[in-house]
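A short worksheet on the structure shown next.
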Amino acid sequence: MKIRVGFGFDVHQLVEGRELWLGGIRLEHSKGLLGHSDADVLLHTVCDALLGAANMRDIGYHFPDTAGEYKNIDSKILLKKTVELIATKGYRVGNIDATICAERPKLKAHIPLMQETMAAVMGIDAEDISIKATTTEKLGFTGREEGISAYATVLIEKD
């Protein structure tokens, strides 16, 4: 069996007038994330980590923000396409370990649904997806609630 590890990072600005999508679910919040797609920072981070693990560049290469077809796209579609892309090289998702960094909204109660949603999109077990939420103790842009960032480490494998 061959295994590879990938790392992803993404950040999006919080703005008024947009819905907040994280981990494939819509959250009630006064602001949403700015981006060409639905700006789901967690799913984008996981896509980048998966693509990096398979040595297939990054999310911007495969789904450029200059392409009209990706305007306001549901990031679950991008995640599904990413899993399909790594499958062309014989890889499948082993596990995911991700961290969301945001002051608000508080995310703990939403994590199980994020795990279930992401697992359904990728065709893996929810127990293979770890999602943690933290703050920066009011420091930096996330601490000032100007944006949300996310980090992910993934393991992909093939026989």
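Quick reminder: no glycine exception, Cβ is built from N, Cα and C everywhere.
The annotation 4-CDP-2-C-methyl-D-erythritol 2-phosphate binding site is assigned in Swiss-Prot to Asp10, Val11, His12, His36, Ser37, Asp58, Ile59, Gly60, Thr134, Thr135, Thr136, Glu137, Phe141, Arg144 on the grounds of sequence analysis. If you look up Swiss-Prot, you'll see Asp10, His12, His44 marked as divalent metal cation binding site. The site 'Transition state stabilizer' annotation in Swiss-Prot covers His36, Thr135.
When the Cα atoms are compared, Ser37 (4-CDP-2-C-methyl-D-erythritol 2-phosphate binding site) and His44 (divalent metal cation binding site) turn out to be 10 Å apart.
The local packing around His44 (divalent metal cation binding site), expressed as other Cβ atoms within 10 Å of its Cβ over all shown chains, amounts to 29. His12 (4-CDP-2-C-methyl-D-erythritol 2-phosphate binding site) sits 10 Å from His36 (site 'Transition state stabilizer'), taking the C-alpha atoms as the reference points. One residue stands out among the recorded positions Ser37, Thr134, Thr135, Thr136 for having the most other Cβ atoms within 10 Å of its Cβ: Ser37. Summary: among the recorded positions (Asp10, His36), the fewest other C-beta atoms within 10 A of the C-beta are counted at His36. In the three-state DSSP scheme, Ser37 (4-CDP-2-C-methyl-D-erythritol 2-phosphate binding site) falls into the coil class.
Phe141 (4-CDP-2-C-methyl-D-erythritol 2-phosphate binding site) counts 15 other C-beta atoms within 10 Å of its own C-beta, drawing on all protein chains shown. DSSP classifies His44 (divalent metal cation binding site) as helix under the three-state reduction. Under the three-state DSSP scheme, His12 (4-CDP-2-C-methyl-D-erythritol 2-phosphate binding site) falls in the strand class. The recorded positions shown are His36, His44, Thr135; of these, the one with its CA atom nearest the CA of Ile59 (4-CDP-2-C-methyl-D-erythritol 2-phosphate binding site) is His44.
Thr134 (4-CDP-2-C-methyl-D-erythritol 2-phosphate binding site) falls within a strand when secondary structure is assigned with DSSP.
By the criterion of other Cβ atoms within 10 Å of the residue's own Cβ, the least surrounded of the binding-site residues His12, Ile59 is His12.
With His44 (divalent metal cation binding site) as the anchor, the candidate recorded positions are Asp10, His36, Thr136, and the one with the nearest CA is Asp10.
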